[in-house]
Amino acid sequence: MAKRGFGLNGEQDKEGRKKITKESFRRGLRIFGYVLPYKLKFIVGLVFLVLSSLTFMAFPYLVGKLFDSSTGNASGLMEDINMIAIGLFVVILLQGIFSFFRVFFFAQVSENAVADIRRDLYSKFVQLPISFYEKRRVGEITSRITTDVAQVQDAMSITLAELFRQTTTLIVGVAIIMWTSIKLSLFMLATFPVLVALALVFGRRIKALSKKTQDELANTNIIVEETLQAINTVKAFTNEMFEVARYRTTLGKAVKTALSAAYYRGAFITFIIIGLFGGIILVIWYGATLVANGDIEPGSLISFVLYTVFIGASVGGLGELYGKVQSALGATERILEILQEQEEPTDKGIRPLDQTPKVNGDIVYNQVAFSYPTRPDIQVLRDINFSVKAGEKIALVGPSGAGKSTIIQLLMRFYDVSGGSIAVDGKDIREMDMTTLRANVGVVPQEVLLFGGTIRENIAYGRPGATDSEIIEAARKANAYDFIMTFPEGLDTLVGERGIKLSGGQRQRVAIARAILKNPVILILDEATSALDSESEQLVQQAMDELMKGRTTVVIAHRLATIRKVDKILVIDGGEIVEEGSHDMLSLNPEGIYANLLKLQFELS
Ligand SMILES: Nc1ncnc2c1ncn2[C@@H]1O[C@H](COP(=O)(O)OP(=O)(O)OP(=O)(O)O)[C@@H](O)[C@H]1O
């Protein structure tokens, strides 16, 4: 299936950066809706930002005056060296204090706002329909909640403040130097910013190359991971040397890119030393001639040079920030795109299962046709007609890929039918409340995935809030209690990635216990394809029989021996019902697919 990336429209580059246009900026600002609840703190942070930026600008001025007073060129308050030095300390102290509060308040705003964004994204994720996930890679989706949100957080806390600080430095700095000496300012502005801009371009190239180096190194790691994970296969095919050669080739590429990055890095350092410092020397040289001619005071030259460095740094900083703003806009756009997706019409409140209305359990499929949204060109089901009365049990059998799982996915409204209708208790499920529908259906899937946590939590997932005795009762009925009690921690045994690994049959019994606890009217049993050993199989089967009692049940059967007792068997092939009837009836038709499947399984076993 073709997976499609998302959020990367024509205007975004490979790294997800967005061109800054008026429109993209306007849209990007929408994310600031999340700042609104914290606007007071944001404004306080902004005030501290202004204060810290302005005090910062007083520093070069005072240093110049300090120099002037030492050479007797100052007058008034600025005559006293000690006073100026104290003034400098005060400036630095204030700057330090202001910066602390700026960081403190902005962090409060960004941390809270970002947590709100994450919460909304996650809540959106779990409520989006399955079809949303079919079109996207999980990695891409999770990166919305991790990388993209982190970028927005950066933008709210650091980038915004830096943008403001650098712009103030630039504007106020240029105004002050202009006021100090127009001639020297024009000279400086004609040289220094150009050099800084050049350094910026240079820096970008280096960054791109280091990224390429990292990507190539990552490629070499993929080989290591792949081969080590499949080391048995590598050895079985005696492909050790083939893998070594493959690794060596990719490693060679990474070294080549790393070296060319190093070449640029070296050149960059040379450029900084010669170019940028050369630029400063030029400014000092021209300034010194102005001092010699009596055009400006020596102290002013010192302030001037300091302002020049500040201005240069802010020009460089703004260039960096431009890239960051672009990335943040791209990230914002991708986040907003998800937040605007249409979610499933499920209940938004938490309603306990026992307060959900119960259905009767009559199911009718009427001329159901279906194509998956990702593959509208392939018709997976056509003209499916069958009915199951409340409490009846039916089985779906047929070759792999026939459409059995699809039929039951439609019952849970993971997808809507493309044609025809499915009714429960005579009502089209599209008109039913989705939460009520799903709350009435219990599933024991083919591949049981347990959540990381205890066995108790995993069983209780069937009905959050179930009491201990209910959980134990469910585990007993599911034939799971005995094996659970063989673990020293019993129900508190951890399963999942960091816990104990349960066998296929054990996992199934936990899933059955979960379903028993849910106590659904309609039950879907998707038999495991992988064979269980006969003892485990018997325990699972007993548990399933217990679970089926009194429920409308649809079994997807792989082992025909288990479905002799069902009321009706539907044989599915190529998306259609090709045979229908009881076991006794179908097995009597020697030409029939069911009879043949039976024969085949009998011969195999
Ligand atoms: N999410 C999906 N997107 C697109 N096509 C799908 C999707 N899931 C299944 N299909 C296709 O639909 C057809 C029916 O698949 P389905 O899983 O319903 O078969 P099945 O009878 O349950 O098979 P099995 O017994 O192997 O589980 C197959 O051709 C499959 O490739």
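Numbering starts at 1 and runs along the chain as it is shown here.
Positions of Cβ are set from backbone N, Cα and C atoms, glycine also.
Look at TrEMBL and you will find 40-63 (among others) tagged as transmembrane segment. Beyond the ends of the transmembrane segment (40-63), by six or more residues, the same chain brings 84, 87-88, 91-92, 94-95, 98-99, 101-102, 104-106, 108-109, 161, 164-165, 168-169, 172-173, 176, 302-304, 306-307, 310 to within a C-beta distance below 8 angstroms of the stretch.
Summarising the annotation, TrEMBL assigns domain 'ABC transmembrane type-1' to 43-327.
Taken from TrEMBL, the feature transmembrane segment applies to 83-105 (among others). With a cut-off of 8 Å between Cβ atoms, the residues of this chain six or more beyond the transmembrane segment (83-105) that come close are 41-42, 44-45, 48-49, 51-52, 55-56, 58-59, 62-63, 65-66, 69, 77, 157, 161.
What TrEMBL lists as transmembrane segment is 163-180 (among others).
What TrEMBL lists as transmembrane segment is 186-203 (among others).
Residues or ranges marked as transmembrane segment by TrEMBL: 266-288 (among others).
Positions annotated as transmembrane segment by TrEMBL: 300-319 (among others). Same-chain neighbours of the transmembrane segment (300-319): 57, 59-61, 63-65, 67-68, 162-163, 165-167, 169-170, 173-174, 176-177, 180-181, 184, 188, 192-193, 195-197, 199-200, 276, 279-280, 283-284, 287-288, 290-291, counting only residues six or more beyond its ends whose CB sits under 8 Å from a CB of the stretch.
What TrEMBL lists as domain 'ABC transporter' is 363-599.
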Same-chain residues near the transmembrane segment (186-203), Cβ under 8 Å, at least 6 residues beyond its ends: 174, 177, 264, 267-268, 271-272, 275-276, 278-280, 282-283, 286, 304, 308, 311-312, 315-316, 319-320
Surrounding residues of the transmembrane segment (163-180) on its own chain - C-beta under 8 Å, 6+ positions past either end: 46, 49-50, 52-54, 56-57, 60-61, 188-189, 296, 300, 303-304, 307-308, 310-311, 313-315, 317-318, 321, 325
